[in-house]
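Each remark here refers to the structure printed beneath this line.
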Amino acid sequence: MHPIETTTRAERALLVGLALSDRERWEKIESLDELAQLAATAGAEVAEKILQTRRKPDPAYLIGKGKVDELAKAAQEIPVDLLIFDEELSPAQVRNIESVTETRVVDRSELIMDIFAIHARSRAAKIQVELAQLNYRLPRLVGRGVELSRLGGGIGTRGPGETKLEVDRRRIRARIAQLKRDLTSLETSRMVQRQGRGDAFRVALAGYTNAGKSTLMNALSSAGVTVADQLFATLDATTRQIDLGTRRDILLTDTVGFIRHLPHHLVASFHATLEETIEADLILHVVDVSHTAYRQQMATVDEVLSELGCIDTSTLVVFNKIDRLEDQSCLDLIRSRYPMSVAASALTGVGIETVKARIVALAEDMDREEVLFLPLDATKLLAQVHRDGRIIEEIFEDSRIQVRVRMDRAKLSRLQREIADAWARAQDRPGAGEQD
Ligand SMILES: Nc1nc2c(ncn2[C@@H]2O[C@H](COP(=O)(O)OP(=O)(O)OP(=O)(O)O)[C@@H](O)[C@H]2O)c(=O)[nH]1
Ligand SMILES: [Mg+2]
């Protein structure tokens, strides 16, 4: 089960990207730089980067056949052990490129999953990575040439043991089913854990990988979670209670970061780990503002968050690493564009008090106390009040139910509207009770 390091020296990799227009080139150059960082995190040495501009991807090779011939030549001359493509490749494209270049081919998704496999520590993380890898590899298992079978080890082969890749699809499907069952049982025990957290205010850190989420977690609590100048240093969720003097307890969760073109299988597999984010009352979106591509990174994070169904969750953007900004004047621009954000440095501590104050204000804002009056027959609404809020007092009067409740402000105003509708309906009915 454990990744076995079979290589003694770093594998040398040639990185390959594709831009569909000249305009796209800049973005792809950045993406290739990031791919190089990913490759380094996976233990490879980047020998060279090649970016082709081509109006349409080639169905057989992704890049042009002529370019593939060039790659074959370069791979022999440099020499390199593997080709890493920045785009996701179809199984046929991988086969075709491997047979022309006689070099192992890995794509961005496989590389990311490989890093996840190396960094996975907990049982949940290991199961989730293996699940993602098997789902990814299942349609790609057929027709690999023997000479290029992945017995050699190295990038793109870590995670599930090699022998597993040789077993037939039926056995892999059985393994996937087993992993899913394991994950479900882990989720059940986690759910019990979470339910024990009562009415705490839950804050989740989210953001691009390497943005400084774990550093911020440590600055806000004494969690002592791992911090590293590495992509995907954190794969598990760590939750700590932090004391900011609020009436409700505050729970802060650090978890896995995001990246552009995050493999779909990984997002699906890591649903359990991201559960804390999904269920959070507040998301702290940590941005590395010193990164040239920070705006695109923010967009990527927003995309993944919406994929996870977190669109309506309150979000506080923390522009981190401001100590690295040479020109502090860009912060003025950011402040005007994101007036509700905080500029901070999790490393030096600048702005951390403001982050804390904002969390407290938001926690209190989401914790309004109100007295509601419901029609006697509004059982559904009453159930909703019980589900979304904490009942302080409940009195059944002759013609109505009086409930004193604490609740998130947004939920409260939605509920108040529904209660008004319910009263309007009740008044239309003959013999209905009267409203206040
Ligand atoms: N200069 C500076 N460096 C920071 C700051 N915050 C974090 N870092 C550095 O950025 C790197 C990544 O920090 P982490 O806290 O591990 O980032 P992360 O978002 O948890 O990353 P992953 O878990 O890998 O997704 C580390 O080298 C940190 O020391 C900051 O405010 N200023
Ligand atoms: Mg981290």
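Cβ atoms are placed via backbone N, Cα and C, with glycine included.
Unlike curated records, TrEMBL annotations are generated automatically.
The coiled coil annotation in TrEMBL covers 162-189. Per TrEMBL, the feature domain 'Hflx-type G' maps to 201-367. The GTP binding site annotation in TrEMBL covers 207-214, 232-236, 254-257, 320-323, 345-347. The feature Mg(2+) binding site is assigned by TrEMBL to Ser214, Thr234.
Mapped onto this structure are the features recorded in TrEMBL.
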residue : record              : contacts (Cβ under 8 Å, 6+ apart)
Gly207  : GTP binding site    : Lys213, Gly257, Phe258, His285, Val286, Val287, Asp288, Gln297, Val301
Asn210  : GTP binding site    : Asp229, Gln230, Leu231, Ala233, Gly257, Asp288
Ser214  : Mg(2+) binding site : Leu205, Val225, Thr226, Val227, Ala233, Thr234, Asp254
Asp236  : GTP binding site    : Arg121, Ser122, Ala124, Ala125, Thr255, Val256, Thr273
Lys321  : GTP binding site    : Ala211, Gly212, Asp288, Val289, Ser290, His291, Ser345, Ala346, Leu347
(message) Out of Lys213, Ser214, Ala233, Thr234, Asp236, Val256, which binding-site residues have CB atoms lying under 6 Å from ligand 2?
(response) Lys213, Ser214, Ala233, Thr234
